[in-house]
Amino acid sequence: DFLCISLVNGYTQLRYNLGDRTVILQTLQKVHTNGNTWHLLNAGRVGNEGYLDLDGINVTQKASPGMNALDTHSDFFVGGVSSLNLVNPMAIENEPTGFTGCIREMVINNRELNLTVTDPKGGANIGDCDGTDCGYTMCKNNGTCQVVNSGFSCSCPKDWTGTKCEQSIHCSQNMCGSHALCIPQPSSFSYTCACALGWTGKYCDNKIKFYIAKFVGNSYIKYTDPFYGKRDLQYSRLSLNFTTNQTEGLIVWMGKSEDEDNDFLAIGLANGTLKVVINLGERISVPLMHRKYFTCSDGRWHFTTVVQNQTCVKVYLDEELILFEDIDPQRKYTALNYGGICYFGGFEIGRKVNIVTTGLFQKEFIGKIKDVVLFQDSKKIQLMKAEGYNIHDGNSGN
């Protein structure tokens with residue numbers, strides 16, 4: 001499988017192969033090669049339907065029956081490759097050659113790549129294209145950059161300040177402690193402090209310990225599984241206790257959540273009942289909507305376990321089997337490649353659950369979680385030792 005964007009005889013070309021055939025799209029107009037014209041290129045695919053847009057003029061390859069997942073587990077190359085024999089002969093029209101020119105503002109699956117010296121994994125023969133201290137993103141939040149003798153200076157819009165317009169004026173005099181993030185609240189001309197895991201209080205200056213994590217709606221825990229490299233990903237298991245009085249919420253998302261092709265196993269609430277969704281390579285939703293289980297939002301503790309045996313999924317609620325389904329009898333994808341990442345209660349600050357999960361779950365979790373066990377581990381995972389924000393001590397009152 002591959003996806004490749006190239007220049008061919010002055011035209012921009014997108015080629016991709018999902019395992020069955022190579023699709024080729026080419027722009028209607030040529031690019032300017034005078035060296036001082038910037039072009040905006042949007043290219044990609046939805047399933048096996050491709051699109052290529054150069055400066056607002058779009059060409060689209062309509063979907064036809066066939067494969068619709070891009071299975072590539074290689075590095076992502078920009079402007080050239082480390083070795084020309086890595087290029088699939090079908091990915092380009094002529095002999096492969098490196099790109100000569102400038103590239104900026106590169107966004108992959110809604111995530112901007114920082115084309116800097118330090119962020120990429122590697123590279124060679126790259127120079128500064130702008131030639132001044134005013135790089136194209138030096139000033140944040142629509143600030144204007146001016147070159148001055150000692151470097152650069154930013155003129156900031158009214159709600160922003162700082163040398164790079166990176167700080168909200170509502171946070172310029174904040175009292176949040178060192179274990180906190182300042183979250184501006186423009187509507188009230190103020191701010192709130194988001195506390196890192198293990199800290200609480202208005203300014204996040206009170207240290208806490210907990211075994212039961214309390215989520216308040218703008219909370220999350222991101223746990224990195226230290227044993228991921230040794231797991232048998234065809235036989236996954238996740239169990240935990242939760243309590244809530246809300247009818248909607250994401251309890252756990254086992255997966256990297258970076259783009260739509262990431263594998264995941266998710267547990268949450270929809271309309272007051274348990275909902276499980278699993279993706280082993282092609283997005284397959286397995287919702288549980290048993291009427292007798294509309295009691296998950298009753299403020300009581302509920303114990304749930306999800307077991308994935310290749311494509312067979314079992315879900316237990318309070319030690320009763322409520323779902324047993326083979327989601328793909330063809331056994332096309334059988335492993336849960338979750339990247340060693342588990343999110344609890346939501347995602348990083350600024351990443352909304354309904355957007356990241358593309359509507360599979362509507363809200364962040366409000367409630368408590370405890371006793372999380374991955375696979376057949378003998379010990380519960382220590383939520384205190386993960387990354388997260390706005391987590392409170394849920395031990396009291398249990």
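Keep in mind that glycine also has a Cβ here, set from the backbone N, Cα and C atoms.
Annotations in TrEMBL come from automatic prediction, not curation.
Looking at CYS129, CYS134, the record from TrEMBL puts CYS102 in a disulfide bond with CYS129. Neighbour density for CYS102 (disulfide bond): within 10 A of its CB lie 15 other CB atoms from the protein chains shown.
CYS195 (disulfide bond) has CYS176 nearby among the disulfide-bonded residues CYS129, CYS156, CYS165, CYS176, counting only those with a Cα within 10 angstroms of its own Cα. In terms of Cα distance, the disulfide-bonded residues that sit within 10 Å of CYS176 (disulfide bond) are CYS204, chosen from CYS102, CYS156, CYS204. Within the chain, the domain 'EGF-like' (130-166) has long-range Cβ neighbours (under 8 A, six or more residues past its boundaries) at 104-105, 172, 186. Annotated pair CYS193 (disulfide bond) and CYS129 (disulfide bond), C-alpha to C-alpha distance, rounded: 39 Å. Note on the domain 'EGF-like' (167-205): DSSP counts are 6 helix, 17 strand, 16 coil.
Within 10 Å of the C-beta of CYS195 (disulfide bond) there are 26 other C-beta atoms, taking all protein chains into account.
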